[in-house]
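Data block below; observations after.
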Amino acid sequence: MASYTPSSSRPHTPLGLSPRGSYTNLASAAYDASSPGGHGAKDEKERLRAEREVQEALLKAQDGVEKAKKEEVCMPASTTVLPILSYCVASIMMTVVNKFVVSGRQFTMTFLLLAIQSFVCVACVWLAKRIGVINFRDWDMNDAKAWFPVSSLLVAVIYTGSKSLQFLSIPVYTIFKNLTIILIAYGEVIWFGGHVTPLTLCSFFLMVGSSVIAAWADISTTLSKLSAGVAVVDPISGADVPLSSISVMDTMNVGYLWMFINCLASAGYVLFMRKRIKVTGFKDWDSMFYNNLLSIPVLFVFSLIIEDWGAASFSRNFPEEGRAFLLSAIAFSGAAAVFISYSTAWCVRICGATTYSLVGALNKLPVAASGILFFGDPVNFGNVSAILVGGVSGIVYAVAKTNQAKVEKSKQARGGESKA
């Protein structure tokens with residue numbers, strides 16, 4: 001049989017068209033495919049087809065991103081207002097309720113309080129899963145062993161946070177919590193190869209400045225109380241006591257000591273949890289369920305060992321005249337923790353991470369103001385200035401992290417294009 005020889009004449013190839021698309025090459029490819037030695041052409045065709053599929057997938061992904069951006073821009077205001085308000089209300093409510101619970105006269109059973117809150121939180125999450133509102137992993141012993149160190153760190157975080165709230169005003173507590181962000185950022189630099197941008201560093205200076213202003217205002221108020229012989233805060237119970245019962249140094253230092261420990265514990269908790277999440281693959285509700293469930297026995301054991309379970313201690317911590325209301329507030333605070341987790345996830349899902357960061361930064365202002373409104377914290381130039389500077393530092397930090405995320409995303413996109 002005579003072999004097929006393609007014609008050497010062909011139409012003019014348009015400028016920019018690959019020679020692969022010419023008539024001669026296509027005919028040659030057909031000939032190679034029909035001959036025993038045409039395997040190379042088949043491989044070439046397969047490679048080209050795979051490249052086309054990859055390009056189509058990248059185009060679809062890019063179209064999806066652009067569509068999501070357009071939907072987010074065109075999203076009605078009423079759609080985003082509700083999750084933002086829910087997150088803000090949950091944060092304020094949780095802080096105010098916890099401050100109310102631990103501010104009772106001579107309240108010393110903090111571990112028992114936290115155990116009750118964790119139990120209520122687990123019950124609410126389990127009930128929400130049963131009725132189909134949320135979903136998370138079932139109990140697994142291997143997951144529990146891997147996550148137990150994280151839960152132990154969480155116990156330290158919530159205990160030191162409660163003690164800080166017991167001795168510090170809400171504005172001072174809220175402002176000093178910003179220092180945790182600095183510790184976490186430099187922890188990521190050391191252990192995860194992160195970096196701090198100049199704008200992020202500027203926000204850190206503002207955070208430190210707001211903390212110094214808040215501490216100066218708080219110490220000035222305490223010194224003025226001491227000089228006037230007015231009641232001050234007892235470092236053991238957190239209650240107001242006469243001047244003669246307490247020393248000046250204890251008054252000023254104990255709250256800041258608890259706050260410093262809380263910042264260290266919070267940073268360690270976040271950094272260690274980041275490592276463990278990679279091992280366990282936990283989602284938000286998984287970590288919340290295991291955190292609270294595993295912390296219950298730890299809190300209960302510490303309560304039995306450290307705290308006084310005598311009848312006199314119970315009547316002092318849970319006075320009979322307000323016992324029902326106090327226990328209801330404790331249970332409510334446990335349920336509020338679930339509400340915070342849900343509203344946070346809702347806000348991120350509907351509004352995006354950027355909006356959530358800005359809302360979280362601005363939300364420090366009403367949280368700090370709630371202490372002035374509900375607990376009579378002093379309104380003076382120092383407190384107001386510290387709150388405003390702290391709010392600005394949070395906004396600058398949110399903008400810095402957003403810009404950093406955009407730069408990293410563009411680098412990843414360029415890296416993907418170069419590989420393709």
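Cβ atoms here come from the backbone N, Cα and C positions, even for glycine.
Features reported for this protein in Swiss-Prot:
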type     : residues : note
TOPO_DOM : 1-76     : topological domain 'Cytoplasmic'
REGION   : 1-21     : region 'Disordered'
COMPBIAS : 1-11     : compositional bias 'Polar residues'
TRANSMEM : 77-97    : transmembrane segment
TOPO_DOM : 98-106   : topological domain 'Lumenal'
TRANSMEM : 107-127  : transmembrane segment
TOPO_DOM : 128-145  : topological domain 'Cytoplasmic'
TRANSMEM : 146-168  : transmembrane segment
TRANSMEM : 172-194  : transmembrane segment
TOPO_DOM : 195-200  : topological domain 'Cytoplasmic'
TRANSMEM : 201-223  : transmembrane segment
TOPO_DOM : 224-251  : topological domain 'Lumenal'
TRANSMEM : 252-272  : transmembrane segment
TOPO_DOM : 273-293  : topological domain 'Cytoplasmic'
TRANSMEM : 294-314  : transmembrane segment
TOPO_DOM : 315-323  : topological domain 'Lumenal'
TRANSMEM : 324-344  : transmembrane segment
TOPO_DOM : 345-355  : topological domain 'Cytoplasmic'
TRANSMEM : 356-376  : transmembrane segment
TRANSMEM : 379-399  : transmembrane segment
TOPO_DOM : 400-420  : topological domain 'Cytoplasmic'
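Between the transmembrane segment (379-399) and the stretches 77-97, 107-127, 172-194, 201-223, 252-272, the greatest number of Cβ pairs separated by less than 8 Å involves 201-223. Between the transmembrane segment (252-272) and the stretches 172-194, 201-223, 294-314, it is 172-194 that has the most C-beta pairs under 8 angstroms. Most Cβ pairs within less than 8 Å of the transmembrane segment (294-314), among stretches 77-97, 107-127, 172-194, 201-223, 324-344, belong to 107-127.
Per-residue confidence over the topological domain 'Cytoplasmic' (195-200) averages 84 (mean pLDDT, predicted model). With a cut-off of 8 Å on Cβ pairs spaced 6 or more residues apart, the transmembrane segment (324-344) and the transmembrane segment (107-127) reach 3 or more such pairs and are scored as touching.
Counting only same-chain residues 6+ beyond the ends of the transmembrane segment (172-194), those with a CB under 8 A from a CB of the stretch are 95, 164-165, 200, 204, 207-208, 210-211, 214-215, 217-218, 255-256, 259, 262-264, 266-268, 270-271, 274-275, 364, 367-368, 371, 386-387, 390, 393-394, 397. Long-range neighbours of the topological domain 'Cytoplasmic' (128-145) within the same chain, counting only residues 6 or more positions beyond its ends whose Cβ lies under 8 Å from a Cβ of the stretch, are 280, 282-283, 285-286, 288-290, 293-294, 338, 342.
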